[in-house]
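Peer 1: Dumping the structure here so I can ask a few things about it.
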């Protein structure tokens, strides 16, 4: 039986890409019976009834799965944040990073609209970028008005499945339009009333850009830590994870425990205060989370 990857799911149909093209498939009834929903990004076995139509027979095990957006087997996330309009927001970036790290997806931080900043804001954003690079993250500067800066992103998209996510109104769709102009994805300017952009993408689809596949997603419509526990959180902050191995107590939450290596690293300036502050805020959110039944 032929195998392929689901690149689009729409109205009960799954569009499976394979060596000979794309086949529009339906799911077998056994999926509903077993409560399995094929997702964009799934590697599947399918049966072709004719050159253009068929059925999905089997879904292979997933290495990861996101709920919002509904996509599986993601290799990396391009987290797009703007320098201005809206202003760069490290607190929101850290929230995205935690969610991405928790799902074992490699993050690439992409800061857009650098052509719109004044010198003061440029220095501020570059300082943040240097902090994140020291934590081990890749950080890129882009502008949709210069193709050269977008070209910097292209090598990161090769031979992998990427999710584009980030704050609304930062230019995610505009960036993909520059990478592949024939997409003609809709874009929205910032709402003067709300001070943020309106999401312009409505379904998940994997789009070929070079040798890679990129999903233009709704940008994580939920940023709640639904499945993350306090003990997981340290591992979602690389610099906290590194320091925590030297804490005196196993299971240290890095809040009030004595001889905590993380708190010591903050005091010594090895961990930035804003990252530690965000960590503490996220711990509080998780502890106040209502239980699910």
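Each residue, glycine too, has its Cβ placed from N, Cα and C.
Swiss-Prot lists 63-223 with the feature domain 'CP-type G'. The GTP binding site annotation in Swiss-Prot covers 112, 113, 114, 115, 166, 167, 168, 169, 170, 171, 172, 173, 174. Residues or ranges marked as Zn(2+) binding site in Swiss-Prot (evidence: sequence analysis): 247, 252, 254, 260.
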Peer 1: Given a 10 Å Cβ-Cβ cut-off, pick out the one of the binding-site residues 170, 247, 252, 260 that has the most other Cβ atoms nearby.
Peer 2: 170
Peer 1: Could you tell me which of these binding-site residues, 172, 254, has the greatest number of Cβ atoms within 10 Å of its own Cβ?
Peer 2: 172
Peer 1: Do you know the mean pLDDT across the domain 'CP-type G' (63-223)?
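Peer 2: 82, rounded to a whole number.
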Peer 1: Taking the recorded Zn(2+) site as 247, 252, 254, 260, identify the other residues of that chain whose CB atom sits within 8 Å of the mean position of the site's CB atoms, giving them in sequence order.
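Peer 2: Sorted by sequence, the hits are 244, 248, 249, 253, 255, 257, 259, 261, 262, 263.
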Peer 1: Of all the binding-site residues given, namely 247, 252, 254, 260, which is spatially nearest to residue 114 (GTP binding site) at the Cα level?
Peer 2: 254
Peer 1: Starting from the Cβ of residue 168 (GTP binding site), draw a 10 Å sphere and report how many other Cβ atoms land inside it.
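Peer 2: There are 18 such Cβ atoms around residue 168 (GTP binding site).
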Peer 1: Among the binding-site residues listed here (112, 174), identify the one with the smallest other-Cβ count within 10 Å.
Peer 2: 174
Peer 1: When the Cα-Cα distance from residue 260 (Zn(2+) binding site) is computed for each of the binding-site residues 166, 172, 174, which gives the smallest value?
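Peer 2: For residue 260 (Zn(2+) binding site), the spatially nearest of the binding-site residues is 166.
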Peer 1: Compute the C-alpha separation of residue 168 (GTP binding site) from residue 252 (Zn(2+) binding site), stating it in Å without decimals.
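Peer 2: Taking the Cα atoms only, residue 168 (GTP binding site) lies 35 Å from residue 252 (Zn(2+) binding site).
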